[in-house]
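Novice: Quick one: the structure is below, and I'll ask about it shortly.
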Amino acid sequence: MFPCSRIWSLLVAAATASAVPTSLATTHLQSVDLLLTRSSYGFLTDIALGTPGQSLPYLVDWTWTGHYVVTTLCYNDPTATYDCLNVDQKIFNQTLSSTFINQTDQYGYLYWDPNHFYFTEPAAADVATDMLRIGPTAVNTTIQAANFVFNETISAFPFSGVYGLSPVFQGDNRSVQASFYQGWRSGAWHSPIVSFIYCHDNATKAVCSGYDGLQTLGGYNTSHVQGDITWYDIIVTEAINTLDFVYAPAVINYWALNLTRFSIGDEEQELNKTTTLDGKQAAVAAFDHASYGRGAPVSVYGYQRLVELVGAKAVTLSDPPNNGEQGFYQFDCRNSSLLPPLRYEFAGSERAWEIVPENYVEVLANGTNKCTFNVRTLGDGAMVMGNFGETFAIDKYVMFDFEKLQVGIADFAW
């Protein structure tokens, strides 16, 4: 999506990106918590779109560049919906919204093939505007109105759209801007920061009002910050589009950091650096709390070292702890005491962030007292890239600043 001739400008403050403030926005100077339910795809929440508002389940996705919603359109025909979709699919019916305006003539038709929504089938969308309603806010938002061009009648998706929270770079038009960013630029949100809490077990769910997580829009809760927040400038690299999330045209809007150190306990592991779009060398930490963010990020070599430490043996699991392409191993759970924490450092600070063994080891539910690693690898050999998601965030507060283009991390105070 982004010609290399202007890559140098991508990390100019996001406030300079093209976003036309609109008078069709309510002003709200507090934050709002999206209540998250964990699913096999990622975290889901209900959001209302249109006038009157149609409340639908959305996948909250740190790695998507806009507000995507399934509509009635099938091969451009709003009356042929179920020629493309399952009859149980929950959809946004744009024909019932008095504020829906199709703006495809202005922005152009959106089309990604391949993509990480439907993989080998194309993701196609018209561009439109409508009122997005979250809490007391209502913002006239540019959205991606899905226009299906393949048959997906076999089953319904458990959500109706994607609430994208990717960073916005200079030159990104509104069709690929996070709806939160559009709302902040329109004055609906006082703060450009969004934050995430993962309430991963029954002991922590009270913090999330009984839900599995909170995605806070417009700030963070200072009472849950233990110590200081460490802020890191993000980097831009096309390597993510090659090794991790493959789109054509390429998508490079990620909350990604330069990973400067990865160690297993005190054993430092080799880094395999790639070239970023400003010419620097970096191993990459990409933040993603959907299904691709499950599992502690490790290198292939690091995974081999963990296997050696506990004498693990290869195993085929019917219900693996994550959907990574790496193999899985089992070992005697008593050997978990031999495992050290995994440690990561990012450019801008020498602070090491840990994933302790109890958060990357899982007991197999087969009554054999066997355990497996919940880890995920990308690439070959040394550490080139890792996805930092819910496994990393179990005991941390993760924040994104849309104005400064920074990732903030703090220990979480329960």
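Just so you know, glycine gets a Cβ as well, placed from its N, Cα and C.
The signal peptide annotation in Swiss-Prot covers 1-19. According to Swiss-Prot, the feature domain 'Peptidase A1' maps to 43-410, an assignment based on sequence analysis. Taken from Swiss-Prot, the feature N-linked glycosylation site applies to Asn93, Asn102, Asn140, Asn151, Asn173, Asn202, Asn221, Asn258, Asn272, Asn335, Asn366. Per Swiss-Prot, the feature disulfide bond maps to Cys333-Cys371.
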Novice: Which of these glycosylation sites has the least crowded Cβ, counting other Cβ atoms within 10 Å: Asn140, Asn335?
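Specialist: Fewest other Cβ atoms within 10 Å, among the glycosylation sites Asn140, Asn335, is found for Asn335.
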Novice: Summarise the model confidence on the domain 'Peptidase A1' (43-410) as a single mean pLDDT, whole number.
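Specialist: Value for the domain 'Peptidase A1' (43-410), mean pLDDT as a whole number: 97.
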Novice: Among all chains shown, work out which of the glycosylation sites Asn93, Asn151, Asn173, Asn202, Asn258 has the most CB atoms within 10 A of its CB.
Specialist: Asn258
Novice: Most Cβ neighbours within 10 Å: which of the glycosylation sites Asn272, Asn366 is it?
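Specialist: Output for this query is Asn272.
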Novice: I'd like to confirm something. Which of the glycosylation sites, Asn93, Asn151, Asn202, Asn272, Asn366, has a Cα closest to the Cα of Asn140 (N-linked glycosylation site)?
Specialist: Asn93
Novice: Could you tell me the C-alpha distance between Asn272 (N-linked glycosylation site) and Cys333 (disulfide bond) in angstrom, no decimals?
Specialist: 31
Novice: Please tell me which one of the recorded positions listed here (Asn93, Asn202, Asn221, Cys333, Asn335) sits closest to Asn151 (N-linked glycosylation site), measuring Cα to Cα?
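Specialist: For Asn151 (N-linked glycosylation site), the spatially nearest of the recorded positions is Asn93.
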